[in-house]
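The next block holds one structure in the form of structure tokens; read it before the comments.
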């Protein structure tokens, strides 16, 4: 039977439709471009790097220090981007960005440096990628973009970022400014094995941030990361290092002088840090710091050297840790951060410091300065046995001893001795011996407290300048009182009234400064309201006694 003209029309229409439909690229199909490529494409590795957006990456090491890349994506009628990141975040990464506008009318390809997360911080024609001259081009074929470039490097960074721009918006002269991405995803690639794993993403393409439940990590659970690491994780030692904050440390000695670490912590929407200290204090330690913002806008990892306690004394990209190249990586998974790195050392320092920053505050280009931590803890780790002890426990005992000694010495006994000296002089000579004995005991306890304070400060290296200065002033005033006691003139001496004026007023100043410094010290020690209430009650009792005795004395004088 002869086909009808209507049937032939339908077949022709369907055939033209299928011929005009976008050709889906895949790693199982051959790469057939209608333009010549300046390198061999027969032995390219091929990976599907972003399934949700159908991004296909082909690459190969063309020579000892030359790597060739072809990124194939659907034409989004905007730019496409492929970034190379140190830590998996946008900030600090360098990206190859390409576009073909108006269905092939014009296009371009440029390197951009991502100095921040705003468009004016994304700088064209800048970056850390050594792009080989005349190796870059982008073409549109069968509704897909093919972006080609070559890099001169021993091995490219393994943390990659892929992004698409907003529809209809293209970089344009003279600024070639890049609008904020419409969607992005981060992956990590093992170039030798041609394996990848998703790190973080935006929108519907994010498999990690799409989960709202927080998975609590523990040493009893298996480490199941969705990204491949550069070292074996099957035999890692595991121990909780900060129970109050849910910090988990995994580590192992990979070879004679290589140590591998993975720090797992809840995402505080700020940085997390692990420091290696020679003495348990912050000053002089070197820290690995990592961060990923909650919206996925940026992240990174850096070593910092802590030369002091103020932010300008915490220096990025400095330190005594020999971090292996391309071994650092941070990823967000189930509301937790996993920060991995490797150190070249025979034995890492055993005194470790853990910290996290204030919510919503991240290191950023160009300074990458670190804000003061929100909380921290120190531990001592025995790498051989896998056991740890919170260094803060011994410091807590010393800190509380310092507080108790000063409270009893300067804040209670000195006040009691002053009350006896003022209101019990009719009990002569008992009042004098009691006054001298109580003040001497208070002086001894107070001096011991001052010494313990200096020891504590040398160990913790905390910034307590005002507390320390007030303590020294109180100590000096107490010494002057002791000297005054030794040089006390007789009652009938003409200078006795001047001595009394000096001795009494100096004592009052000492007591006022001691009370103020005690409450300030309780605040610095973060001991909570219990200590404030306890000392406040004692102080109230002493004040009530003084007011009662003063009232009785005034009545007798009248």
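In case you wondered, yes, glycine gets a Cβ from its N, Cα and C as well.
Looking at 379-396, 469-486, the range tied to transmembrane segment in TrEMBL is 469-486. The range from 33-55, 56-78, 79-101 that TrEMBL describes as transmembrane segment is residues 79-101. Sequence-remote contacts of a segment are chain residues at least 6 beyond its ends whose Cβ falls under 8 Å from one of its Cβ atoms, and for the transmembrane segment (506-522) they are 402-403, 406-407, 410-411, 414-415, 418, 446, 466-467, 470-471, 473-474, 477-478, 480-481, 484, 531-532, 535, 539.
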